[in-house]
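As written in TrEMBL, here are the features:
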- 1-22: region 'Disordered' (REGION)
- 8-19: compositional bias 'Low complexity' (COMPBIAS)
- 71-144: domain 'Cation-transporting P-type ATPase N-terminal' (DOMAIN)
- 119-142: transmembrane segment (TRANSMEM)
- 148-164: transmembrane segment (TRANSMEM)
- 317-338: transmembrane segment (TRANSMEM)
- 838-860: transmembrane segment (TRANSMEM)
- 908-931: transmembrane segment (TRANSMEM)
- 973-995: transmembrane segment (TRANSMEM)
- 1007-1027: transmembrane segment (TRANSMEM)
Amino acid sequence: MATPRFFNGNSHQNSSSSNPIREHLVTRPDDRKHGFANSVSVFLQRFMSGKKIDGGSRTEEEEKVYSWLYALAKSDKDLVFEYVRSTERGLSFTEAERRLKENGPNVPVEYHFPSWWHLLWTAFFHPFNIILIVLSALSYLASDNPNGCIMLVLVFISVSLRFYQEYGSSKAAMKLSELVRCPVKVQRCAGRVVQTELIVQVDQRDIVPGDIIIFEPGDLFPGDVRLLTSKHLVVSQSSLTGESGVTEKTADIKEDQSTPLLDLKNICFMGTSVVSGCGTGLIVSTGSKTYMSTMFSYIGKQKPPDYFEKGVRRISYVLIAVMLVVVTAIVLTCYFTSYDLSQSILFGISVACALTPQMLPLIVNTSLAKGALAMARDRCIVKSLTAIRDMGSMDILCIDKTGTLTMNRAIMVNHLDSWGLPKEKVLRFAFLNAYFKTEQKYPLDDAILAYVYTNGYRFQPSKWKKIDEIPFDFTRRRVSVILETELNPKEDSYQSLERFVVTKGALEEIINLCCFIDHIDQDAITTFSLEDQQRILNMGEELSYEGLRVIGVAVKRLQRWHHALAKSSLSAATSHAIAPMTHHLCAQGIAPLCQALGIPSEFASLLLHQYASFESLLVLQHAMAWHPWLTKPSPCIRHCSSLPPCHLHYDFVCLLQKTSEGSIDSDEAIESEMIFLGLITFFDPPKDSAKQALWRLAEKGVKAKVLTGDSLSLAVKVCQEVGIRTTHVITGPDLELLDQDLFHETVKGATVLARLTPTQKLRVVQSLQMVGNHVVGFLGDGINDSLALDAANVGISVDSGVSVAKDFADIILLEKDLNVLVAGVERGRLTFANTMKYIKMSVIANVGSVLSILIATLFLRYEPLTPRQLITQNFLYNFGQIVIPWDKVEEDYVKTPQSFSRKGLPMFILWNAPVCTLCDLVTLLFVYFYYRAYTANDARFFHSAWFTEGLLMQTLIIHLIRTEKIPFIQEVASWPVICSTVIVSAIGIAIPFTPIGKVMDFVRLPFSYYGFLVVLFIGYFSVGQVVKRIYILIYHKWL
């Protein structure tokens, strides 16, 4: 790669945002150099494939980020400073402030909770609200103030209800949102003449390219970082990849283009965290230029269409068109009959009001708010009310495995020897390691201890003593403890002690430490052959494929030794022999003795500090046989020839090794030539409620697909445990190789998709929506889930998820329990059903009634109802329908996903509206011929009869529409609906007999008319039921 021209000494005058070096790097000059060859290669690939490669396509912004990071990963550290225009001392405070102003806050995506006025406008801007406001204004212009006031009240109630619910949910979500601002240790330089390096705390949002950060375990990387120094650095990238594992990083390496981006060892990414180790790094990208920001570039760009809202708007447009035609015809008819223009216009406005489903916004918002309150009792926060309705239509739920299907904790499964047989010895030493381990306790240790205690094993740890510990780190991937225990004491003066090194860790690492293998059944130890190693590795792979986590256990026996119980128990001769040495140590110290023995002077001071006692001489006596440089035995040591032989102390061995060999690591010496014992297996068990919840979702027609960043074997094992089919599975890398058609086909059939990147999750969701025509829900809680959460029809997160995931979610679960989603699906379908009841019922009744009014006006040559009577009828009818959200729904209806059909409603109207019109026309003919209401003088009687029949029919129609079964016989509505029907019907029948009836110009009707109404409605329900059955036979659906 060509070296770019270095900038001059005034290195902070130009921001990295306008960095020509960066522009040079991201254009990939090597590609320009070999442009023809690359073009030919790409052409041949596309020609041979014949189809567009879709699974791994990247946007232009992604390509820029990739090129920039790869250029830094392939460069030396000194050159990296030049690229970002920084120095090894860091940025000055002035330059950092300037870059912050130029680049803006360090956030990958800005999310603002909607303001109150935005929520109010969204609640207000509804097609039927606009229609009602227009009609209200026309009513006021026509001096029909009561009608105008009623419609404004309906709009006010509907808008207030929706605004109150969504504003309250937004405030609750804001309280749950995490404060992403956190302090970062940054190295800055200060001083005009003599610059001094300072370590300061800087807020994450104020980090700029060129800053040098200092990190330690638990820290989050505030931007994309090129490592400068590192020590045993292990990073978790689960927030980006979804994988539960960790990644080792190091600064002392130069990568190449063949390494996958997230596998670059010297690059750390914004949003990832430090698990262990420490180091320093150079911020190379912040804000919208980070790798994380490429994920958010898709946010909001391909949000799925809301077919329900589109359908409602289409209904409104159709009704407006019908309204213009019918109302115009009625106004003209009335005018040419009465020649009263103002009265004709007023009647036309009344008809327009009757044609409008005035309660639709209120019914919809009441149903959604009722569902939101019910879900709140199940510990859910519904940020978007429409998400409840979408849950009723949802037929695919995409979920992440970790923490959703599983308990997110380890449980020990078995303890196997090298041949796969359960052996207690393997468990005993694994238990001792976990019991005496004190540094960095991990869940696996707790799982081993819990297994031992709950299964009644008695390993008596009190008989063991911990001598030392070699702690776990992610480079060695193992932990060792040195233990001491008493073996078969036979003498009073001495105890026989034995020391062991017990090691457990990653299976491959444990196998590399072992030279021997324990045949536990035969009580024999043999050489660890290559065949043994391969057999154990194969067994480990099989267990891993079953979804189990496997670790190895090994042990090493140190030499047996005898230790005097107490100085007072020595014989007189031995005490006499030791006395001169003790006197010598007390008088002159141990340094002269060590000098006489040829021990290095630095070792002498350590020996004086730790072993200034007579026991040191016994140690040295044995050490002479171990180390050739001890060639000058002292006469004092010869006096100890009568003492019992003693084993060299473990810590003294380490001390001698470090002193004599310097470069040799004592940990490696201890953890060598070990004996392989066996394996311990663990499993992250599925939640008890997960299998039941998935079964209940499947019963309701919701298919579950697992989209995870974890390994395929682990995902398959969990899915098998909870009942998800695993016959069709695939991984993210395999998806990248598929062309567009095969990609969609594979996504459609796969139930488990593992090792997915965030953009792959997004493409899977979009494929299910656009190609499969599914309503997709997505449950996720990580940064890597944000794209899919935003694109899904229903985005679901949890309160423990990252703030970005909760920002883009429609529903936030306060508990990670799928049963809450089952209840949400049921409430969504209940809400959808009740909403569709009102839409279909009101449109049918209104269209049928308006057509009847048009025919009656043409037939009678006068208005069948006065404007005031029509408005009163409409108001009573709407008042009776306000209880629909409290109606119950048939069990069969909630068993399948429900969606709005754009063609279904017009056909429903064509089949059922004529039944209402027929009923009205029968009433018209009966009154006209039976009661001889021929002339305008009989208008009061006709108005009274038409008013009563129309109100009763519109009130009773809900019982015919709400169920597929025979109303009042096979299916009965809820008690609120029954009460509403009785009350409104009673008012309609009683009005002509009250003073209010006189004010409205009604007359009393004969009882024979009410007998006719009974016969009429029996016939209406009979004909309506026949039409219903024929419609269901043809279209296989009712609501």
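A Cβ is built for glycine as well, from the same backbone N, Cα and C atoms used for every other residue.
Beyond its flanks by at least six residues, the transmembrane segment (119-142) meets 148-149, 151-152, 154-155, 158-159, 162-163, 166-167, 170, 312-313, 316-317, 319-320, 342, 345-346, 349, 352-353, 356-358, 360-361, 365 of its own chain at Cβ-Cβ distances under 8 Å. Same-chain neighbours of the transmembrane segment (908-931): 840, 843-845, 847-849, 851-852, 855-856, 859-860, 864, 938, 941-942, 945-946, 949-950, 953, 957, 961, 1009, 1012, 1016, 1019-1020, 1023-1024, 1027-1028, 1030-1031, counting only residues six or more beyond its ends whose CB sits under 8 Å from a CB of the stretch. Against the transmembrane segment (838-860), stretch 317-338 has more CB pairs under 8 A than any other of 317-338, 973-995, 1007-1027. Within the domain 'Cation-transporting P-type ATPase N-terminal' (71-144), the DSSP-based counts of helix, strand and coil residues read 46 helix, 2 strand, 26 coil. Same-chain neighbours of the transmembrane segment (973-995): 873, 876-877, 879-884, 886-888, 944, 947-948, 951-952, 955-956, 958-959, 962, 967, 1002-1005, 1010, counting only residues six or more beyond its ends whose CB sits under 8 Å from a CB of the stretch.
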